[in-house]
Structure formats: structure tokens, C-alpha cells
Amino acid sequence: MNSLVFELKKTWRTRKNYLLLSLFLLLTVVLFCVNTLLEKQEQQEMLASSQVEHQIRNNQYGEAIKVYLEEINQGIVSQEDGFRADADKGISLEGKLTLPTYPFYRTALNQELLKRQLTPQSLRFGTKNSLFTMILCAYVASFIGITCFLFLFGDTLSKELEENSLYFYLSQPINRVRLYLTKYFLVWSQSLLTLILILFAGWIWATIFSGSSSFSYPVIVFTEKSMELIPIIQLLGIVLLLFSFVLGFGFALHFLMSLLLKKTSFSLVGTLLILVEGYLIATSKYDFFRKIAHFNPFTYLNVSKVFVGYDFRPFSLFSIENQEYYAN
């Protein structure tokens, strides 16, 4: 217990950690401000009815929202019928599409919103608390987040090896494996707690300056052959759980590089290069790597994109680009 307290004090006595943590919180505020501007632009471009726009901005479900969603679904059906009729006649489908590019997913999402009586929100630039928390989680639960946590806590072992301070511990009657595991799990757990702190800070900021939204808001998630709609809270839980394992893998790789190179800068650069190269290989189009991709930890470096169609499958068949209002 005393060793854990000592390691914690040693980690947080450095000014670098406080500066980096403050920077992460500042970037959270910047992301919120940028999303606020982009969300307003998106609403102005996509919404023709001022009454609907007012209700969406205030997150108020009403008759106007219901009619708006039903009209969109009817327009999608008419558009698809028109496409089929033109195709049967051999007419080329030219011109700019004014209705959603992915009608099946858009219709399913609209039906779910009608069922739950929820106002449509932007999953690209949303600023309501639950939506912004999910967007913030998508940025953190990625290669960017892994890199940040490596810079924040990754030098716990490599710096001691570089400064030869670790040899004092090794000269004592202490189990080396236990020492390494203690440092590893301490770094891993601190990273997860920091991640939760950042998400909680983003949730509080969005609640104060934008208001609340439902954690049951539906999100499109792809399965092997189709798709399903799950609430935001479930997606957050899945992403955070998987990211915790991916983060643990990243720290394990970094600790191994630290033991081999014994230099903080070399260990960080080497770890990042291996992660990038491993991800590029894991998501390549070679049949062998595609077959084992589900079991390859490098595949999941961008955790948040795996569940919304941005994984290693062909883009044209399985992915959805965030091009439409309130569609993820």
C-alpha cells in the first residue's frame, strides 16, 4: 500500500502532468466551442422550418417534430420509388440528391426517434450533454487518446531506467515482476481515471452551456450483415470497455520498449511507430490479415469508429460518412 501511495505522489509531483491535463481540459472546451458554431451552421443549412429549428435547439419534442420526421420518411420513400421507376426505364440517375444518401438508415433512425419521442440532434456537432460526451469520447478513444496517455504517464518506467533510479528498487529484496506489474497497473488505472475525468468535465460543461439530452438517443451501429440502433449510454459503455483493453495493450508495448531501449524519447517514438504500422497492416486488404482482424489488437486502435462502420471493411459497402444532419 505504501508503495502505491509513493508511486502516485511521484507521478503527480511533476509539472508536466498538470500542464498536459490542463491542456486536455482546455481542448475539451475548444471542441465544445467549435461544435457550437458548426452545429448552428448545420441547422441553418438543413432546416427549412423555423418552428422545427427552435424546437430542436431547445430539445423539445412536439407535433411539429413528429410531422417533420414523417415528411422526411415519406420523401425518402418517394425518392426511392422514383429511382426504381427511372432505372426500369433506363434513365440515368443524374443530378444532385436533395434527400438523404442512405435512405434505409435514415428511415430507421427517424422511426426510432418517433418511437422514443426524441428531437433529432447532430451526432457530428452536438453540444447537448450526452451527445457532446459521446463526441468527446470518440476523439479520446482513438489513436490520439492513446498517444496523449503515453505522453502523460508513459515515462513512469522509462524515465527511471534512463536516470538509473530504478536500480535502487532492484537492489532491495523485492520481486521484480511484482514491481513491474505494480507500475503497469498503476499507470493503466490512472489513465482510465483521467479519461473518466475528462468525459465528466465535458459533460458538466455541456450541461451548463448547452443543456441536457437523453442518454437513450439512438445511434446507428453496424453488425456483420446489417445494422442496429442502440442508445448512447450503451455505446459509451462498449467503447470505454474496449478502449481500456486497447490502452492496456499500448502501455504493455511501451513498457516492453522501455526495458529494451531504456530511453524515454526512443521508447515513445518506437511505441508509436509500432502502433501505426500495426494498425496499417491490420486494416489492409490482404485476406490473411482480414481473417484474423477480429483477434488483432492493432485493429481496434480507433475504437469509437469500429462500432459505427469505420472498421477494416470496404468503405463503399459497410460504412456511413457523417454527411447528414443528426445521422451518425
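Including glycine, each Cβ sits where the backbone N, Cα and C put it.
TrEMBL labels come from automatic prediction, so no person has curated them.
Sequence annotations record features per position, and here TrEMBL assigns transmembrane segment to 18-38 (among others).
Residues annotated as transmembrane segment in TrEMBL: 131-153 (among others).
If you look up TrEMBL, you'll see 185-208 (among others) marked as transmembrane segment.
For 229-253 (among others), the entry in TrEMBL reads transmembrane segment. Non-local neighbours of the transmembrane segment (229-253) in the same chain are 108-109, 112, 130-131, 133-134, 137-138, 140-141, 145-146, 149-150, 153-154, 184, 187-188, 191-192, 195, 214-221, 271, 274-275, 297, 300-301, 303-304, 306-307; each lies 6+ residues outside the stretch with a CB under 8 Å from one of its CB atoms.
The annotation transmembrane segment is assigned in TrEMBL to 265-282 (among others). Outside the transmembrane segment (265-282), and at least 6 residues removed from its termini, the chain residues within Cβ reach (under 8 Å) are 143, 146-147, 150-151, 154-155, 158, 250, 253-254, 257-258, 289, 293, 296, 298-299, 301-302, 312.
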